[in-house]
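Engineer: Let me begin by handing over the structure; questions about it come next.
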């Protein structure tokens, strides 16, 4: 079965290797900077590419639970790394906005953070990811207790919706791409609303 | 094509062609030698002395939704556009309405070379060396009637050559408009070329409007119709999102777009670390155009 094949193939993959894979988009970007391969508007290209990788990782993270529940595919041991990478790329996105795009114009940055809905929405998503990244370690789970830790990590859901909304709010007209991301996020969250079947009664 | 409307001298006379073709590549190969080369000379009172963007920048980064939403779509898809023959219909409140062959419409009119700042409503900007005729000269030729108060411009919408038109991305054809005094202003250009070469397809060949003190979306491309009218005409972006895109759309750092700031802009081609500059009111053309809006509240008439 495909599922078992995937499980077998992934057996030698250690969770830390996800970080190696996750570094590739950033490395590719660095290569493109030095080869002048970023097009006419390199700042926008960098900003959009790291933002989009963050969004893709958020979507990937949201896939883990439905894949296990509906396809029997268990990738849960990679979820923490995916989540941490999503945070790292979101942080890079914010950093590029402050440094390369707004170029440390703090008064404009400050005005944007209180006045611009798409900036507020994006920044709120980032702030929600922050405590999740900080508590993405076994020590935090032990300290907080599993139930409280899980409650905190439900922040993933509003963060994902805000990240998708952030993309939609910054485009003119209605290009397909941001709508596809939002659709995927809403669908993956919607799958979680499907009630689980009542536990099968074990014959006495 | 558009070259036949040009005077003898071109941009090539003041800047080495390799320089405007690809300044970035040139910098990599020539390094400091570029710094010693003479700057592009500004021609006439309306041109800025700022260094123009390379042709690569100008032709590789376009909003021309008839060819798709992406900035690189026009360069990828506009090659198919047929620009000859080209007719421009002139109708409405004019003495000599009709369908004009482009060559006849512009014949004998002086072709100007103008280096203009170009500021997009998306808060990026370029410096573009246009060639073109003043719109006022063309309007004088067709004879504007006293009752005309506005001009509407209609762009080509040809689905078989324009994938964005075929896909119905906007309410086609693209339409824009100016008040009569704006249309008659000497800064307002019907551009037929860039860097002395015929207008590249992705920039609005063979003829487009250029209104340098307004956001770029006012400067409609690939014009097929000019209509003189007594009322404020339908304009595409204003009809789509009236709270975001006004009829006037004058560049104004004090009036933000509802979703983003207009206080500053990214200058395309300025590199990774020096690209943001302050936006100037009327895109820096206030001395020449501010009088047109005397007594008007520009926050209301955005």
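Even glycines carry a Cβ here, placed using N, Cα and C.
Automatic, uncurated: that is what TrEMBL annotation is.
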Engineer: TrEMBL records B:62, B:65, B:66, B:120, B:203, B:208, B:219, B:220, B:221 as Mo-molybdopterin-binding residues. Which of B:99, B:155, B:261, B:264 is assigned to the same site?
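Structural biologist: For the Mo-molybdopterin site that includes B:62, B:65, B:66, B:120, B:203, B:208, B:219, B:220, B:221, TrEMBL also lists B:155.
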Engineer: Report the same-chain neighbours of residue B:155 (Mo-molybdopterin binding site): residues 6+ apart in sequence with Cβ closer than 8 Å to its Cβ, ordered by sequence.
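Structural biologist: Non-local contacts for residue B:155 (Mo-molybdopterin binding site): B:66, B:173, B:174, B:175, B:176, B:204, B:220, B:221, B:222, B:223, B:224.
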Engineer: So which one is it: of the binding-site residues B:66, B:208, B:220, which has the fewest other Cβ atoms within 10 Å?
Structural biologist: B:208
Engineer: Restricting to the record's Mo-molybdopterin-binding residues (B:62, B:65, B:66, B:120, B:155, B:203, B:208, B:219, B:220, B:221), give me the longest CA-CA distance in Å as a whole number.
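Structural biologist: Comparing all Cα pairs, the maximum is 18 Å.
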Engineer: Does residue B:62 (Mo-molybdopterin binding site) have same-chain partners at least 6 apart in sequence with Cβ under 8 Å from its own Cβ, and which are they?
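Structural biologist: In sequence order, the residues whose Cβ lies under 8 Å from that of residue B:62 (Mo-molybdopterin binding site) (at least 6 apart) are B:71, B:73, B:74, B:75, B:202, B:203.
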